[in-house]
Amino acid sequence: MSSSNPSRGFPWLIWVVAIFGSVSSAGFGFDQGWRASMMSLTQFNRHFGYYDPVQQAWSLSNRQQSLGTGLGYVGVILGLVCGTPLNERLGRRNSLWVQSAVATAGVAIESSCQDSYAQFLVGKVVVYFAGGIASTCAPQHLRGMRTGLYNAFLMVGGFCAALIVYLCRHVPSDWAWRSVVVAQVAIPAMGWLSLPFLPESPYWLLRRGRRAAAIASLRRLHALDAAAAEAEILSIEQQLVLQQHQQQQEKELASWMACLTDPVYFRRTLIAAVFLEQVGFRQVLLMSVIVYIIGIIGNLTGMFMADRLGRRNVLLPASGLLGACMLTIGGLTTPSTASSSLSIAVVVMLMLWFFTFQSTWGPLAWAITAEIPPTGTAVREKMVTLAGSSAYGTGLVIVFVNPYTQAAIGGKVAFIYGALSVIAAAFVWMFVPETKRRSLEEIDEMFMARVPAREFKTYQCHSGASGLDKAVDDKASVDECI
């Protein structure tokens, strides 16, 4: 929707749409948060784990830890794969209805388990499956600041979970952990209450031939009069015709394998996948309420920073700082004799790492993933799904391996993550383009012209998108978030 229109109203409802479209991610973050905090809760470990005479404490086995964390990622991958066709068939709002129902069912399975750790894991997979659907319903087409809402709500959900676990830590019964499991039903409940008031995407309605409903939705979103709404609808219809023509021309590229076999698409898929792979690698190390508060502050900072400083200018120094933090942690944990000063130093480095990550790589992961896939093509949704699935697949491997690695080498596992940060910096320098203040059409043009990543910033495009058009496009793209 690149036509500028002076009668476009202040898009306050767009912000509401973006926020509620992202709230579902809080349930995903909530489950991640309580899982991380619950690992240190005696009541939970006593119920499902065993007594370790060496540590003189109740704990879960490495196998239980790996399954408890890793199987969730299986659910996310399944949710990502199912979410894309679900959105296309039902629309984003109806898909969020389905997501809320699935999340509620998962919470019921988790909270009703007695002594069966297997049932508990099944419930977790269902909750994470809902999280995968939420990822496809989240504002994938938003950019910069508003794209960071999804990651911010992940942190808010994790903070709420960690806080409840902390407040219930002295409850002697199983309700010390059941309470936080039951509490997460509040997230889908918010969806049940809010979704009836949110409009459906005008793009989706037009694709389904529901023109009158699309006009009504557009007028609600942008406070347009009838004439302005009609003009906008005509503009969208022209775009859809062009998209259909484009999709027909590249029909042979619309398969899943095209995302990997075509060199232009492979480059984009690779970037999107690597960015998402950075999300959540080391959350098993961060299990306190304070850290989640820092994460929320970092996200709010990053949402405003991305569009002002640019992607590369943020990610390159951030990668260096992240690597320095992890290498420092590895060095601090090398001495065999522990001390309070060393422990404090490690905590400070972890907090600095988390703030840096959540203000840079965290929110920018979603922005880059939204910007890189080609617009108006049949391959876009498949590319985003492949990127997300590969990212969570990598996360699945890491969470299965991490408990055994930490048990073997302890804090020196930070050396591995520090090395990955160095690799990430090199990847950004060589492959990640600067997309600041570029329209999606310009990004398409530069990829098709095979412009090197380091030249995106200075390349002169011929698409003719004006600064006003870009601003309007950024607003209008919110229409597609539900």
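We count from 1, first residue shown onward.
Cβ coordinates are placed from backbone N, Cα and C, and glycine is handled just like the others.
Within the set 257-275, 314-332, the record from TrEMBL flags 314-332 under the feature transmembrane segment. Here the transmembrane segment (314-332) sits apart from the transmembrane segment (149-168); fewer than 3 CB pairs are under 8 Å, leaving out pairs fewer than 6 apart in sequence. Remote same-chain residues near the transmembrane segment (175-195) are listed as 20, 23-24, 26-27, 30-31, 34, 37-38, 41, 43-44, 47, 93, 96-97, 99-101, 103-104, 107-108, 110-111, 127, 130, 157, 160-161, 164-165, 168-169 (criterion: CB distance under 8 Å, separation of at least six residues from the stretch ends).
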